[in-house]
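The next block holds one structure in the form of structure tokens; read it before the comments.
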């Protein structure tokens, strides 16, 4: 748009788009498409004076005198060449214009010269460093149009960052690229139903009735509500993270690792992987329990006539059948995951039909409850698996004969005069309705908890019985494990996991930013309603002793929740079996891919082998490892013991999802712009607190073990040095903490108790940019022992623009040397026209705020007497004067090349200190600090002082020893007397 015609000059600002990397735009690197190999855009600001319209048609050379352009120098990462930042006209005295001006003004559309630094056509000594404001530019022949740029940004890939597939996709030529598959899945099919399928699981059908009967309706409602609140708060945090960018396969691992860094991401990612793997074991154990207890009890391989050994035989059956099921499922997954996906809808249908059958049965029970009698001896519940009639006697051939029950409690099953159990004699056998129905009012009895130790008999408190102990008979329904509120929390929590299913499918969603929050939260609301309503319905419809009967012994071995269902208990049994098998297959499908995603990020070296896959992309090695770990869970052989393990790993994962969201929100990082707005850091912290509390409530020792595993993985990744920069929140937290600490240091001068040498080590470089005296760094590392501040500085003489590359190379050399000498600190390199000016700048400007050096360490100028160049000793004297003017301490190391290295250790020796001038005790402190290092640890300290003729040397020695005693420094004291020799 041209300015209006006028004869006066007007200043105008021009905005131009030039190519650069997307990573250079602050706040866009995490949420924008991965366009690191493509061009992107940056705004360049240039100014010019507008000229009359008539002059615009004149040649460019005529106009260039009235046109100015402002910019900075840019570097091309592809080469070390330098160029004139702008195209110049034939007249060097005239100001240059950029290539865009040239193309706009030239009718012939001539190709402009490269307007970057990578052009060596500038004249020596040109002041090119103030002509281009570009921070970073790539060398390109043509500059892309805005339309093509926006098209590239819109059609980005959502493959895993750093994954092999992503790299291959980038390397494929344009002609060979396959057309991208357009995501078509909506909220319902892509997020809502997968979340439902993953949340509803084996606990709902096998353990919810037992949880309600043991904890009571009120406490069971509280358990379910706490667990659902935990997942809801986590889902809110997850929605914020998921809508802040693309979440590829890996789900929560990618959320945490990209938000909290590779250390936390790897630790929690592996914990989530272990949780998913043990979930497969739990689902398989649940399927085997349904198969052996409720479908085909006769299929048991290990049998025992002894009731005491029957549980052990059942565990062995679980191990054998569980291993067989695991092998079968692994083969199915290995052959092709597409078969698992094809049956996913069938498994989901089984879950939905089973839940609807429970609601239908509850409604029907209000007017026509099903007939499931429960046999009671007094107030004690009897198992109906082995008895024929619920009575002590029965009629047979018009005769009253003892029943089977008589034989279980008496020493003879045929005679009435047999000796019987005392409790059996004094109490009657009665039958009660196992499913009284919704209108029976049984909920009043089921409101309260009934926690029992292992081996206790399940009793009905409202039924009166004789106060006789009797013997413990195994025909009673017994408690198989000691129960408590915390135990039930750990067992139930896995039934609310699975909220990550939608975020894992973000690449298949038409609008992931919208579908993930809505679908996940709706799925949690739906499942929470189902769980909470089931707690109330089960407590209102089923007798309490039946609810507490985990395996349905009182109702002839039927699945307890199946007794309530309509039209038949087999609807629940068959539906729960297939849905549990499907959930196991889903876990065995997802866990290897999660491990593969972690392995491909290459943050844990020993997992690299699991990043490989076969030709069709199936992670074979990861699948084998998953099967091996799942087998460990199956060998436990108890659903109630495996469930708390899952609880720990999933709670840890959810805890860090909440932490990631809270951290990003509080730090207010520029890239934190989630489309999901209904989140708050307080909600995330609440979710994190609930997760942590549930971990220790359910099992404090499991919680410690899980946190220990995560801590070891974290330290291992940190030790290996994961060279990943994902713009994570931990780095932002470190910056915020550093800023806070620096501001606190500014509040006042340090106390003398806190004083320690904060070193600025001045190094000299030779012509090849190598450090002349590396032992100076060795001395610094021995003096500091990794504590306090160490800044290693050096000066390169020259022009910064010309010697920038040398400065970077020298900086890398010094950093490598610092790493070799184990010096923990910072490197500061200055390019200055004169050496003494550079040293002065270092002494004045190194450090930040309160973190500044208070001591300068430098080497003695060797051979300065023989040197013809007076600059050596003049530079040294100037450094001493600048250090003194800055009120800093100065340590000069003479003959530093003879100083011991870090690998040498003195078995004996002395550190001599000549204390001539009182310096506040610093000379006393230096040998003490040196002795903290292993090289000097076995050396003794000797303090020498000089006594004048008029001094009392004996008193001086006593005073010095007292002074050292108060300083708490062990040293020998020597006083050297000075004699005056008269001529």
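Using the three backbone atoms N, Cα and C, a Cβ is placed for every residue, glycine included.
TrEMBL annotations: computationally assigned, not manually curated.
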Looking at 602-620, 621-639, 697-715, which one does TrEMBL call transmembrane segment?
621-639
Counts by DSSP class (helix H/G/I, strand E/B, coil) across the domain 'SLC12A transporter C-terminal' (907-973):
25 helix, 15 strand, 27 coil
Counts by DSSP class (helix H/G/I, strand E/B, coil) across the domain 'SLC12A transporter C-terminal' (774-892):
53 helix, 26 strand, 40 coil
Mind pulling out the one from 320-337, 343-362, 621-639, 645-666 with the most Cβ pairs under 8 angstroms to the transmembrane segment (220-243)?
645-666
Under a Cβ pair cut-off of under 8 Å, which of the recorded stretches 320-337, 343-362, 476-496, 516-542, 621-639 contacts the transmembrane segment (645-666) most often?
476-496
Before we move on, state whether the transmembrane segment (621-639) and the transmembrane segment (343-362) share at least 3 Cβ pairs under 8 Å, counting only pairs 6 or more apart in sequence.
no
With Cβ-Cβ distances below 8 Å as the criterion, list the same-chain residues six or more beyond the ends of the transmembrane segment (343-362) that contact it, or say none.
193, 196-197, 200, 204-205, 370, 438, 530, 533-534, 537, 540-541, 561, 564-567, 571-572, 574-576, 578-579, 581-583, 585-586
